[in-house]
Each structure stands twice: as C-alpha cells, then as structure tokens.
Amino acid sequence: MADRDFVPIDVKDEHPQSLEQLPSGVEDAGAIPKGTIDPVYEAKARVLNHAIQDIGMGWYQWQLFIVVGFGWANDNLWPIVTSLIFTPITNEFNPTRPPLLTLAQNIGLLAGAIFWGFGCDIWGRRPAFNATLGVTAVWGMIAAGSPNFAAIGIFAAFWSFGVGGNLPVDSAVFLEFLPGSHQYLLTVLSIDWAIAQVVATLIAWPLLGNLTCAEDEVCTRSKNMGWRYFVITMGGISLIEFFIRFVLFTIFESPKFHMGKGNDEEAVRIVHEVARRNGKESQLTIEDLKACEPLGGGTHVHTDAAGAVKRNLEKLSSKHVRALFATKKLAYSTSLIMVVWGFIGLGYPLYNAFIPYIQATKGKQFGDGSTYLTYRNSLIIAALGVPGALLGGVLVEIPRFGRRGALAVSTILTGVFLYCSTTATTSSALLGWQCAFNFCSNIMYAVLYAYTPEIFPTKDRGTGNALTATANRIFGIMAPIIAMFANLQTSAPVYTSGALFIAAGFCVAVLPFESQGKASL
C-alpha cells in the first residue's frame, strides 16, 4: 500500500506543540513520501501543523473560507461568461474563426497560471491573493465596450490572466491555515465554483435571452446589447469581491511560507495573531521551531537569516520544480497528476465551452432551439452542480474510498454521461444527460481541487499547483483549435471529450498517494 510511505519523522521532546495529538483519524503526515523534503523543514512543518490544530477551526478560517471562495467562483465564472457570450458575439461581429475567442481566453489562463502560480512561491501568497481578482474585474468591465472581435479577444485574454492565478494561489492560502481535521473543506469550497455557474446563467437568461439578435436577422450593436450588459455585470461582481478581500479582510502570509524562507519569528507571530482572531492563545514559541534544527553540523537546509538570503538568491532557479521530482515515486505522482489535469483541461472546454451552441443547434433539430430556452436549460444544468460539489465533500471522507476513489469514479462517470448524451432524440433527453454530466463533473472538480494541493509540500505547493494548472491550460488551448477544424454539428467533439475524461479517471486510479486523514505539510 502507498500509505506505508507516510512516515512521520521524530521531533525532539522539547517541542510542546509536537506532543499534542491531532484528532482521531488525522495523522501528522502529509501526502509526501519520507525523505523527499528537507528534514528540518518537515519537522518545523509538523510543529506548525500542531499549532494550527490547537487553534482549531475558528473565526479567521471561516472568514478565509468565504473570501477564498471568491477565487473558486471566478475560476468558473469567467470561462462560463466566454461560453455564454460566444453566440451573440459571433452573430454581431461575424468572425471568420469564432473559436479564436476561446483560444484567447485559454492563452490568458495559461499565462496567469504560470505567472501567479510560480510567483507565489517566490514573493508569497498575499500579493497574488488580492491582485488576481482586481485584474479580472478591471479588464472584464473594459471588455464590455469592445468595438470588434479582435478587441473582445484581447480583453478576454487580459481578464483571464487574472482568473488563471486564482486556484493555484487560493488553494495554497487556504490549506496552509486549515487544521488537519478540516481539510475536507477544501473540497466543499467547490460549492462556490458551482454557484458561480448558477449566478452567471441566471443573470444571462434575461439579458442574453431578451437582448440578443435572433439567428435569422441582421445583427447590429443596438439589437445585441445583452452580452455587453452581462460582461459589465460580471466585472462588477468581481470588483465587489476584490473590495471585500482587499479592504474588509486582512489576509496573513502563510506561516509555513515564512518558515520555509527562514523567517521563523514572523511565522510564530502570525500563528499567535490567528489564535487571537479566534479568541484563543497559542503556546507556540520560536524555541519550538529552533529546536527542530540539529545542534551539530550536517547537511540540511538552514532556516536562519543567512539561509534565507541564500534562498532569495536562488529564487529564479528551478529548485521548486526539482523538489517535486526528487524521487521516482514523487516524480511519478507529479507527472501523473499533470496528465490528469491535462486530459481534463482538454475534455471539459471541448464540450462545456460549446454547450450553448450544442443546445441551440440540437434544440433547433428538436423544434425548440430558441435563445430563451437555450439559456433556461443552461441554468437548469448549472443548478445541478451545487449538490454535486456538496456530495464531493462527503465522498472524500469515506474510509477506503477517499480522494482517489471519489475522483476516479466521478471522472469516469463524467465521460460516460457525455457518451450517453449522443443518444438523445429529444430536447428533454439531451437536457437530462447534460445535467448528469454537470453533476458528476462538479464532484470531479471539487475533489481534484482539494487533492492536488494536498500532495505537494508547502514550500513547493505554489509551483506544484502551477505545474498542474499549466498542463490544464496548455491542453485547454487545444480545445478551440480543435473546434475550428472539427465539425461541431457532429458528435465528434463529444466522443473525444468523453474518452479524455475516462482516460483521466483510470490515471487517477493508479495515483500513488492518498491524502485522506493526513495533515498537509
């Protein structure tokens, strides 16, 4: 069993925090095989884990749960925006290759995942945590005034640059303040991802349903203002979220990030501040962390100021990437989770980005392809994602099933229901299969977003998240390219997408690490 590799290292008896026991069912060992990270860092991470567990799930973490949810929401909201405005924009501007809009979006998402994901391991989580929403809001609102197809494509890339950084950064921030007993909340956060889809389609229904050109008329700007009102509304929502994060909430830098950079004093200060916010006191002291360092010499990564200076000089090196491939088993795990993200990154947008188009064309064949019904059905499909996200939070805690079981089954079922949708002969049947697809895909994403950061150590977590997000976005770029040359009026894109989900599910089944019941390092 892979779980035998989760061996905690001994921490000296002088550490009062290390002697505290985590709640029953939660081990003080993250999803990292023994010997792959620096033992001093690992020992200190365990001391911090116990300190956070002693503080418990309090007021600060629940506030963080809310504001981190904004990142989850925006990660789904803006790709859905692009999907929903795809047809109105195509009708108004008559571009030669409409999928270029989705391509521009995915290029922006890729650039954002790389920049913010890798960057947060260098300059910290806090600056990126606030900036991503601000960038998204500003460029989203500007996009509403686009005079032509090229302009909306450029602005979509700019707003997506902000969107691309949300999950790599936000998952790291939340996980590093979360007690080990409550790591399942990382899965529950995906309810925001599902709610965002409901909100987007609920607002789009009246705006795009009533203020959009009909398919058989000459489309002018005055007859097609719905998508502009819709985009500026979405930008306004992101701006409100940015205001709440930046003005009404104080985000602390991760204690483990400070500790990994050699700033133990600041790590201890933040733990005490979080405890104060929760109405508690922490017994953690700087001596508890310093006691993890060997008294004699030896080969290890120093966590004093000199060591921090050295690491700062090495910031632009590839050490964070190399750390994720330090052993054969860790390299296998990192590579395979990137493959999973890549397959899903191609399969999901290949189908989901063109759902309104599929509904409109299929609905027209069934005699009910009106714009109003298209967006009504999109809302029904989106609503099924909410219980899916909640169910994901339950499934990951089932013994002997855990993250891997929930992720493998939901991913395979997502692909199966896609294949089933090709058998629909009525509009109601098509809607039913699409609802089943969205229900399972939301379970899949809920578990995927929780499991991925849990299998990376804190000091390399931003980089690990960036690698998986980059794989996801690179494959996502292929989706609109395929759409430009594939016949969307056939079931070919659906068959391809379904096969990718099923393949990703089987890859999940052979992942080596299960993070259920283990406090993240």
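Cβ from N, Cα, C; glycine included.
As recorded in TrEMBL, the features of this protein are as follows:
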- 64-516: domain 'Major facilitator superfamily (MFS) profile' (DOMAIN)
- 100-118: transmembrane segment (TRANSMEM)
- 138-163: transmembrane segment (TRANSMEM)
- 184-207: transmembrane segment (TRANSMEM)
- 227-252: transmembrane segment (TRANSMEM)
- 330-351: transmembrane segment (TRANSMEM)
- 379-398: transmembrane segment (TRANSMEM)
- 405-424: transmembrane segment (TRANSMEM)
- 430-452: transmembrane segment (TRANSMEM)
- 464-486: transmembrane segment (TRANSMEM)
- 492-513: transmembrane segment (TRANSMEM)
Next on the checklist: Please tell me whether the transmembrane segment (100-118) and the transmembrane segment (492-513) touch - that is, whether there are at least 3 C-beta pairs under 8 Å between them, with each pair 6 or more apart in sequence.
Outcome noted: no
Checklist entry - Are the transmembrane segment (405-424) and the transmembrane segment (184-207) close enough that 3 or more Cβ pairs fall under 8 Å, when only pairs 6 or more apart in sequence count? => result no
Checklist entry - Excluding the flanking five residues on each side, which residues at least 6 beyond the ends of the transmembrane segment (379-398) place their CB within less than 8 Å of a CB in that stretch? => result 80, 184-185, 187-188, 190-191, 193-195, 197-198, 200-202, 205, 355, 405-406, 410, 431, 434-436, 438-447, 450-451, 516
Next on the checklist: Does the structure show the transmembrane segment (405-424) and the transmembrane segment (430-452) touching, where I'm treating 3 or more Cβ pairs under 8 angstroms (sequence separation 6 or more) as a contact?
Outcome noted: yes
Next on the checklist: Using Cβ atoms and a strict cutoff of less than 8 Å, what residues sit near the transmembrane segment (430-452) while being 6 or more residues removed from its termini?
Outcome noted: 72, 167, 171, 183-184, 186-191, 193-194, 337, 340-341, 344, 348, 351-352, 355, 359, 362-363, 366, 377, 380-382, 384-389, 391-393, 395-396, 403-404, 406-407, 410-411, 413-414, 417-418, 420-421, 423-424, 464-465, 468, 515
Checklist outcome for this item: Whole-number mean pLDDT, the domain 'Major facilitator superfamily (MFS) profile' (64-516), equals 81
